[in-house]
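The Zn(2+) binding site annotation in TrEMBL covers A:Cys100, A:Cys102, A:Cys127, A:His129. Annotation source TrEMBL lists ATP binding site at A:Lys240. Here TrEMBL flags A:5-304 as domain 'Glutamyl/glutaminyl-tRNA synthetase class Ib catalytic'. TrEMBL lists A:327-462 with the feature domain 'Aminoacyl-tRNA synthetase class I anticodon-binding'. According to TrEMBL, the motif ''HIGH' region' annotation covers A:11-21. Annotation source TrEMBL lists motif ''KMSKS' region' at A:237-241.
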Amino acid sequence: MTDTIITRFPPSPTGYLHVGGARTALFNWLYARKTGGKFILRIEDTDILRSTEESVRAIFEGLEWLGIDWDEGPFYQTKRFDIYKKYLDQLLAEEKAYCCTCSAEEVETMREKARAEGRNPMYDGTCRHKKLPPQPGAVVRLLTPDTGSTRIDDVVKGPIAIPNTEIDDFILCRSDGVYTYNFAVVIDDLTMHISHVIRGDDHVSNTPKQILIYEALNAPVPKFGHVPMVLGPDRTRLSKRHGALGVMEYKKMGFLPEALLNYLVRLGWSHGDQEFFTIEDMKELFTLEAIGRSPGVFDVDKLTALNAEHMQKKSPAELLPLLLEQMTALGIPHGPEDPRLPAIIALLQPRSKTLVEMAQQAESFFVDPTSYCEVAAKKNFKGGSVDVLKKIEEKLMTAEEDSLEAMEALLQSVCDEMDLKLGKVGGPLRVALTGKGQSPGMGETLALLGKERSLPRIRAAIAHLETF
RNA sequence: GUCCCCAUCGUCUAGCCCGGUCCAGGACACCGGCCUUUCACGCCGGCGACAGGGGUUCGAAUCCCCUUGGGGACGCCA
């Protein structure tokens with residue numbers, strides 16, 4: 001009826017938003033944005049037992065964090081039963097679906113039998129021609145063809161054909177009156193005018209069933225695109241046992257949403273050799289044709305590298321609120337609006353792969369070291385270190401300003417006067433000031449710490465060395 | 001077991017559709033080196049793959065077949 005592109009993301013609220021789901025959401029979203037189409041959010045909560053309100057909130061939270069917004073919805077399938085009923089009645093009236101009173105146990109026996117005979121386990125059609133009237137406890141099944149095959153013209157995988165003998169008369173409506181996934185999706189996609197169904201590979205075997213429903217309804221079939229799964233390091237489908245999967249876990253680990261998105265879009269899709277994509281790049285360049293056909297292994301190292309790159313490309317002002325949030329989450333004290341923050345961030349940007357790393361390194365600028373890193377102290381606190389620190393203390397005390405230039409000049413003069421290389425001066429100072437073996441340059445550190453904070457730390461180190 | 005899908009460096013991938021320009025390119029990781037007051041960043045270099053076998057062809061990573069391997073699905077879950 002219209003040629004605008006309409007995609008959708010239909011999570012089932014049985015858990016948080018995981019990276020696999022986020023990726024399919026991303027692909028659908030990007031395709032809609034790229035083509036100026038619409039992106040719909042639909043909550044598939046027909047599994048009454050497992051669907052929870054909490055999961056719905058978790059999914060919203062994840063999408064919001066990622067910046068994936070939707071144009072319509074969220075629609076809830078459990079609120080659309082009247083619509084499903086209308087279509088089901090039509091199918092029943094046209095005898096394209098029928099009632100079945102076989103028990104779950106009976107069906108299970110049929111499946112075992114089929115398996116034993118080397119066939120695909122499925123329902124054998126016992127109630128097919130019984131013309132049973134609707135009754136409590138009965139399920140409604142689709143009357144599927146016994147011959148021929150059903151074709152999918154998959155936009156990412158190409159043509160796929162499944163023999164109809166492999167498809168049984170599956171259930172459209174359960175005995176408790178709740179519609180099944182396969183039926184609800186079709187009716188929703190149909191009534192929402194979804195043009196492209198982009199979803200995980202794991203749905204390919206559902207697709208012919210769904211196509212059969214469209215055909216029974218004489219309805220137009222949308223385009224399907226099945227994207228390969230995301231695998232864990234052991235090359236099986238990514239799942240809880242592979243570690244942190246909830247999208248919000250990645251936030252906790254200090255990843256930027258755009259970095260996660262960048263990583264996810266590249267996992268299974270490519271645009272030549274380009275690795276770095278901003279959200280805008282993705283919206284502009286994404287195509288269904290460039291989605292790969294083979295599954296990919298999720299690699300945190302690569303995500304981390306991409307995250308580092310995104311962090312470097314952001315401005316300190318953009319990073320500021322994110323860093324403060326992270327520091328708070330980690331319990332690292334920070335001045336609410338410390339004017340030094342932008343400068344600290346700029347210094348830490350090239351040496352932080354995640355916000356967590358940045359927060360941990362930023363700690364030195366707000367909290368005095370409570371102990372000295374053992375290896376760093378061993379390497380840098382040795383004979384002569386006290387003298388170096390005393391010299392620095394002396395000069396710092398009389399310093400008129402603590403600008404970067406002044407601090408670097410101060411350090412240089414210490415070297416000159418004591419006839420030492422910069423390394424001999426920077427080493428002990430670094431441990432004194434930060435307690436660590438690594439930090440930004442000493443000139444910068446001194447300048448940002450300022451005289452007032454630096455002096456006590458240096459004195460503490462001197463005291464430590466003298467009593468030791 | 002049955003059906004479907006997939007197959008380029010350890011990983012993500014370019015190239016494949018429209019065979020030659022590919023003794024296969026990029027990125028992550030790893031290993032060296034340079035830079036350097038430490039750690040990073042940056043730069044330079046290295047390691048490293050067309051699963052195997054048959055065809056087709058003057059010529060195949062690219063086309064066809066088989067084998068093997070991997071993934072997925074077989075629910076009154078989605």
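A Cβ is built for glycine as well, from the same backbone N, Cα and C atoms used for every other residue.
You'll find the Cα of A:His129 (Zn(2+) binding site) roughly 44 Å from the Cα of A:Lys240 (ATP binding site). In this structure, the CA atom of A:Cys102 (Zn(2+) binding site) is 35 Å away from the CA atom of A:Lys240 (ATP binding site). In the three-state DSSP scheme, A:Cys100 (Zn(2+) binding site) falls into the strand class.
Between the CA atoms of A:Cys100 (Zn(2+) binding site) and the residue listed as 'ATP binding site' there is a gap of 37 Å. In the three-state DSSP scheme, A:His129 (Zn(2+) binding site) falls into the coil class. Assigned with DSSP, the residues of the motif ''HIGH' region' (A:11-21) fall into helix, strand and coil as follows: 3 helix, 1 strand, 7 coil. Separating the Cα atoms of A:Cys127 (Zn(2+) binding site) and the residue listed as 'ATP binding site' is a whole-number distance of 40 Å.
Taking DSSP states H, G and I as helix and E and B as strand, the domain 'Aminoacyl-tRNA synthetase class I anticodon-binding' (A:327-462) has 96 helix, 0 strand, 40 coil. Cβ neighbour count for A:His129 (Zn(2+) binding site): 10 (other Cβ atoms within 10 Å of its Cβ, all protein chains included). The highest number of surrounding Cβ atoms within 10 Å, among the binding-site residues A:Cys100, A:Cys102, A:Cys127, is found at A:Cys100. Looking at the motif ''KMSKS' region' (A:237-241) alone, the prediction's average pLDDT is 80. Within 8 Å of the Cβ centroid of the Zn(2+) site, not counting the listed residues A:Cys100, A:Cys102, A:Cys127, A:His129, the chain contributes A:Tyr98, A:Cys99, A:Thr101, A:Gly125, A:Thr126, A:Arg128, A:Lys130, A:Leu132, A:Arg141, A:Asp169. Per DSSP, the motif ''KMSKS' region' (A:237-241) is made up of 2 helix, 1 strand, 2 coil.
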